[in-house]
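Asker: Feature list, courtesy of TrEMBL:
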- 429-444: compositional bias 'Basic and acidic residues' (COMPBIAS)
- 138-207: domain 'Ig-like' (DOMAIN)
- 223-300: domain 'Ig-like' (DOMAIN)
- 429-452: region 'Disordered' (REGION)
- 1-22: signal peptide (SIGNAL)
- 307-328: transmembrane segment (TRANSMEM)
Amino acid sequence: MNSRSAARGFLAFLLSLPALQGSNDYKVIYAPYNVCALRDSTVDINCTYQFPNISEINPNNVTTLWFTKGEIHIPVNLTHDADNAGRVETSCGKVVCTPSLCVGNCTVRIKDLRQNDSAEYKFRFITNYEKGKYTGVPGVMLNVTDQVKVSFPASTDTTRVNMTCNSTCNQTGGFTYTWFRNGQNVEQGIYYKGNINSEDNYSCAVEGNKHLHSPSVYAPKPPSVTPSGKIEEGSSLTLRCSSDANPAANYTWFKDHEERQSGQNYIITNITSELGSNYYCQAHNAIGRRNSTSFLIELTSSSQTTAVAVGTIGVLLATILLLVFLWMRTKRASRTSGQGGSTETIEEPFPVPVYDNLSALTISSAPAVQRELIEDQDDLHYASVHISHSENQEVPRCLAGSCVQSDQTDEVLYSVVNFKRHNAVTEACDQRETGKTSDKDKKKTQGVNVNQ
């Protein structure tokens, strides 16, 4: 009973072997797994795939595709991607089967390569059998580059510089390189065989892709040094040397033709008179070397610096004072002009008494000589009389035969002053002195009109 059961189990195991073998025979093989290509060129990526030859799979009913986007089970067909329109082609050969396996091969061709074409490319096939699906992972890594460079491999010959042309993919095989000197085609090959002149520049390119030049290589241009000039004694200074060069230059500093140190920067601390001297730097690379112009570091003492600072401050203060003086003078001139600074006399009406007619005017303080002149002159007419008084001067006024003392400082204007008879003038003045006024004189002086 037990022997029969064991035999039946062994038989079932043997019958199941082909199926188990077939389930493990799904494969995708890439060759190579890494591909490097130049921008604008064309690249082919190849693979071989296999699946078991079982009755459930029809070898003539297999779907294939390449993809870079999407998941393994939900891929985006490379030929259906809008970014690849017109640039991607796939081709697959006929599937060949043996009693146990079926094998096929596929190629994807990408033209007009771009930088963003760099990716991992995976292949997937799908048979008519529900479990007959497979994706080859990991895929092929494609690196698209536009970099072609000139390198300088080490050499035991110190009298000669070696230059090699290659792409950044580090692939030299399969490409033909062209060399250029100052833009002119000079030779072909991975290595440059001509003499190298420090006055020239060199580049290379892959044959058929001459628009993809490597960057030119050249010796350093004349270097410049900053800063330079007068430096205060006891201070610190950092000198910097710069030069345009490819490959990048290395720098060496010299003082009076004696090598001091290497590096782009040269730091001098606590500068003394011994350090104030001629300096220059040298820039050098694999192609050549150039020296900067020699320059002199001049030292100045702190007292000189202080004197210069004081002088500068003095000039500044003098300038400020001059500007203030001119401003005050201009302001004073403007104020004078606004208050009537003209030297001409301008008559304007004043709020003072105005007399249209005055029959007689007596001045008690007039000397005898002046009285005689008044007596000799009849009918004097004055268009205007302008009398100015001091602030505290009391001015007598004779109105209607009486004299009134006034402390007013107003000016008096007379339109018309008539002197008729000298006897009347003398008489009026005498009466003012004695304080007596006759009725007759009052009547004569009543014709005075006062307008204020």
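Residue 1 is the first one shown; counting continues down the chain.
Cβ from N, Cα, C; glycine included.
Could you place the listed features in the three-dimensional structure?
Answerer: Across the domain 'Ig-like' (138-207), DSSP assigns 0 helix, 33 strand, 37 coil.
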Asker: If you average pLDDT over the domain 'Ig-like' (138-207), what do you get?
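Answerer: Here the predicted model's pLDDT, averaged over the domain 'Ig-like' (138-207), is 84.
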Asker: Within the domain 'Ig-like' (223-300), count helix residues (DSSP H, G, I), strand residues (E, B) and coil residues, in that order.
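Answerer: Helix/strand/coil tally for the domain 'Ig-like' (223-300): 0 helix, 45 strand, 33 coil.
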